[in-house]
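Everything below concerns the one structure shown next.
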Amino acid sequence: MHGAPQPLSALWPFIIISITYLLFTVTDGAVRMLVLLHAYTKGFSAMEVAIMFSLYELMGAGTNLAAGVCGARWGIRATLLSGLTLQIAGLAMLYGWTDDFSKLHAIIYVTAAQALCGVAKDLTKLGGKTVTKLVTPNERQGTLFKRVAGLTGYKNSLKGVGYFLGSALLTWSYVGAVSVMIALIVVALPFAWFGLTTKLGRVSKKNITLRAVFEQTGNVNVLSLARLFLFGSRDLWFEVPLPYYLRSATGMGWPRPAVGAMLAGYIILYGQVQAYAPQLVLGPLRQSPPNKHVCVFWNAVLLACPVFMGSVTFSTLYDTPGDGDGGKVSTLLLGVVSFAIIFAINSAVHSYLIVKYSDGNKVAMNVGFYYMANAFGRLIGTIVSGALYSYVGEDENDGLAACFLASSFFVVVSAVVSVRLDDDVGGFVCGRLCGGAEEE
């Protein structure tokens with residue numbers, strides 16, 4: 001029984017935060033492409049760009065800790081408005097990146113701008129990730145799973161739109177592209193300012209300490225560690241090596257809009273699969289809402305993708321620059337699309353489980369801790385990928401292959417860690433292939 005539908009007034013915070021969060025996400029994807037492709041044009045190496053993004057991820061990790069406490073103490077409205085304001089500041093700093101900068105000066109300056117954007121992203125994301133739990137009754141776990149998957153999926157799809165928008169606007173004007181992104185944040189601000197109350201997400205002050213953030217349940221700790229390696233496995237090849245390989249004359253030699261379209265296509269596909277995973281994949285397989293066994297199963301399935309891509313990239317097919325017969329594009333697309341689909345299912349399962357395992361009284365702090373681990377995974381993946389791509393092997397093919405094989409190792413570790421989750425309710429079910437307890 002699902003019970004009576006919730007009144008619109010009860011869902012109002014979810015609607016407001018969703019609009020704000022989704023508008024912000026477009027700019028988050030766009031600024032990543034603006035910085036990456038602009039840096040490539042200026043002759044920065046993959047390792048140098050990875051350094052530019054490192055503080056974005058590191059600040060995000062620290063912010064998740066602080067945001068959990070701040071959200072619990074001052075409410076989700078305060079963290080959301082702070083995130084939007086800092087995003088404007090980080091974007092505005094990019095106006096100052098000129099050709100007069102030395103490489104070192106540019107790396108320091110852009111890294112500082114990205115740090116502000118990293119803080120902004122995780123302050124804003126806290127609202128998007130916690131509001132689903134706050135507006136959904138505990139007995140409606142199926143509804144909670146669909147809301148979490150839907151919001152996260154559409155967020156990722158719009159981030160993909162941002163990837164394409166950023167690369168396309170860059171062909172018109174760097175300054176113009178930055179201005180469009182700032183305008184989108186200005187549009188989002190009134191929704192958060194006028195549409196939310198200061199009480200949303202606040203808890204009793206006796207529970208609000210930084211120490212309390214680290215006092216997590218066993219399942220939150222285990223899932224957070226698994227998340228670190230899961231997202232590290234993606235960023236080991238996606239964030240810096242793949243766009244550099246697509247753009248490089250010794251790789252694919254694609255123009256900027258094509259590179260942006262490829263990355264945008266991945267993010268949009270990933271987001272849509274994530275949004276509809278409960279209905280299209282996990283529901284028919286009787287895995288909705290998911291448990292520990294579903295988490296481990298889809299993690300194991302994901303392993304095939306980076307192993308395939310690493311093996312193919314090492315093959316003779318990738319020995320020559322460009323792609324005369326289309327074989328390189330076909331195999332790369334097959335691997336990337338497969339990874340996007342299976343990774344999206346994994347992400348949907350993880351995003352639901354962290355909300356499920358969170359204490360309703362400390363949901364902001366639980367989610368903040370979890371996404372701190374997520375940010376550390378992305379940080380490790382980004383830095384290691386820059387080093388592998390730049391310094392391993394004789395050419396860029398060897399570097400890209402090394403990134404894929406390192407990604408395979410991270411997927412294995414994530415699956416092994418997930419086995420430690422204490423969540424056996426329902427057993428393992430996979431359609432009619434494997435039995436288990438029926439869904440309630």
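Don't overthink the numbers, they just go from 1 along the chain as shown.
Any Cβ shown, glycine's included, is placed from N, Cα and C.
Keep in mind it's a predicted model, so treat the numbers as computed, not measured.
What TrEMBL lists as transmembrane segment is 7-24 (among others).
Only residues 6 or more beyond the boundaries of the transmembrane segment (44-66), in the same chain, are considered here, and those with a CB under 8 A from a CB of the stretch are 32, 35-36, 103, 106-107, 110-112, 114-119, 121-123, 126, 210, 213, 239-241, 244, 368-376, 378-379, 382-383, 385-387, 389-391, 399. Taken from TrEMBL, the feature transmembrane segment covers 44-66 (among others).
Residues or ranges marked as transmembrane segment in TrEMBL: 78-97 (among others).
Taken from TrEMBL, the feature transmembrane segment applies to 172-196 (among others). A Cβ distance under 8 Å defines the sequence-distant neighbours of the transmembrane segment (172-196), meaning residues of its chain 6+ beyond its ends; these are 12-13, 16-17, 19-20, 23-24, 26-27, 30-31, 34, 38, 75-77, 80-81, 84-85, 87-88, 91-92, 94-95, 165-166.
Residues 226, 230, 233, 237, 327-328, 331-332, 334-336, 338-339, 342-343, 345-346, 349, 397-398, 400-405, 407-408, 411-412, 414-415, 418, 428, 430 of the same chain lie 6 or more positions beyond the ends of the transmembrane segment (297-317) yet place their CB under 8 Å from a CB of it. Per TrEMBL, the feature transmembrane segment maps to 297-317 (among others).
Annotation source TrEMBL lists transmembrane segment at 329-349 (among others).
Sequence-distant contacts of the transmembrane segment (369-392), counting only residues of its own chain at least 6 positions beyond either end whose CB sits under 8 Å from a CB of the stretch, comprise 45-51, 53-54, 57-58, 60-65, 68, 118, 122, 125-126, 129, 213-214, 216, 220, 223-225, 227-237, 239-241, 244-245, 354, 398-400, 402-403, 406-407, 410. Annotation comment: TrEMBL describes 369-392 (among others) as transmembrane segment.
What TrEMBL records for 399-419 (among others) is transmembrane segment.
Only residues 6 or more beyond the boundaries of the transmembrane segment (399-419), in the same chain, are considered here, and those with a CB under 8 A from a CB of the stretch are 46, 222-223, 225-230, 232-234, 236-237, 241-242, 245, 251, 292, 295-296, 299-300, 302-303, 306-307, 309-311, 313-314, 381, 384-385, 388-393.
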